[in-house]
């Protein structure tokens, strides 16, 4: 069993160095970590909320896909797919829409921000607001829940969307009486790197101070030399801390190189020479990526084929089976199977198995699966925290094969067939699977 981690990739705009350092590079380094199954999707349906230029939408999707591939995302090791290639996402969105509370959507940060802006201008609350913007959190929830993601890396400003996804999943599970949807967790990286822009403020498209990731070598040099610095002349000591030039250098150089660069500034290195060193350091890392990016951009058909193939395999493995189960749960069933029920024959009640989570005297947390007569079917090994144990329980609930019962975190299972039957009974009963 592995932890599923899902990352959405915005497909609007041109990637800049801030995107690369703060999001792309760390995400790719984390991809394919042991015990992790990584999902990356191009959020082209989301982009339609803001962008209604079809040529721009198409071009941007290609550029973003080429960017991530050029930076090292390996589609042989992770899942990379386009949102619009998985129609089950929008079908799940509708099922979630039918259980989502409007009051929760009213409190969505993005929607509230536009409402507040309209009010400050004396306009109607919903002036210029589309249903797409209002329903954005439900689409995001469908992205996450369709593939039973356990963790979603987000910034603190996105935590609300994960909480909404959890709420919608809980409502659905409660209404239809089963553990159909896994409740995701927000994975917050407190060390997300932010780069200064050309003017010293945070690099952001809204400030117009970005440096495109894959501009030409000559253009990159012009951008670097346009970074704002103080007026201290060559020979005068300069402070590295707070300098945009030094902060950018830190993002691309090792600790020893940064220490030498900082010392050179203190000893009077001129800003012109400092920018030359910065440019050479950035270009050393970006140049090979730029070549790969240009190669991918010359082969859009290959990218299209890869995205479609990945989406097709994911649909077959995960999306289609889950939607079939959800359709059955909500009653979207074949009418040929609809029969008038006969008078039910009373049956002897058989106690259901149960999952128990508990803490031992060693301070560690455990769980076990017990049958209706109290016999232990599965015993876990110890976990450091209740959260770790809970995440494994969430994975264990979905086990459908004997191979998945072989894990270093589980004691050897004596009879996998009995265990799988017990889990299946619990799922069919639609009960909470642990106490």
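Note that Cβ sites are derived from N, Cα and C of the backbone, with glycine treated the same way.
Keep in mind that what you see is a predicted model, and the values were worked out from it rather than measured.
According to Swiss-Prot, the feature ATP binding site maps to 10, 11, 12, 18, 19, 155, 156, 157, 195, 202, 203, 204, 205, 206. The annotation L-tryptophan binding site is assigned in Swiss-Prot to 143 on the grounds of sequence analysis. What Swiss-Prot lists as motif ''HIGH' region' is 11-19, and the listing cites sequence analysis. The motif ''KMSKS' region' annotation in Swiss-Prot covers 202-206.
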DSSP-derived structure type at residue 12 (ATP binding site), helix or strand or else coil: coil
Number of other Cβ atoms within 10 Å of the Cβ of residue 12 (ATP binding site) across all protein chains: 18
Least Cβ-crowded entry, counting other Cβ within 10 Å, from the binding-site residues listed as 156, 205: 156
The residue listed as 'L-tryptophan binding site' CB neighbourhood, other CB atoms within 10 A: 25
Local confidence of the prediction over the motif ''HIGH' region' (11-19), expressed as mean pLDDT: 88
Distance, the residue listed as 'L-tryptophan binding site' to residue 203 (ATP binding site) (CA atoms, angstrom): 28
Same chain, 6+ residues apart, C-beta under 8 Å of the C-beta of residue 195 (ATP binding site), given in sequence order: 17, 18, 21, 22, 202, 203, 247, 248, 251
Least Cβ-crowded entry, counting other Cβ within 10 Å, from the binding-site residues listed as 10, 19: 10
Residues in the motif ''KMSKS' region' (202-206) grouped by DSSP into helix, strand and remaining coil: 2 helix, 1 strand, 2 coil
All-chain count of other Cβ atoms within 10 Å of residue 203 (ATP binding site): 23
C-alpha spacing of residue 143 (L-tryptophan binding site) relative to residue 205 (ATP binding site), in angstrom: 26
Diameter of the ATP binding set by C-alpha atoms, the set being 10, 11, 12, 18, 19, 155, 156, 157, 195, 202, 203, 204, 205, 206, in angstrom: 21
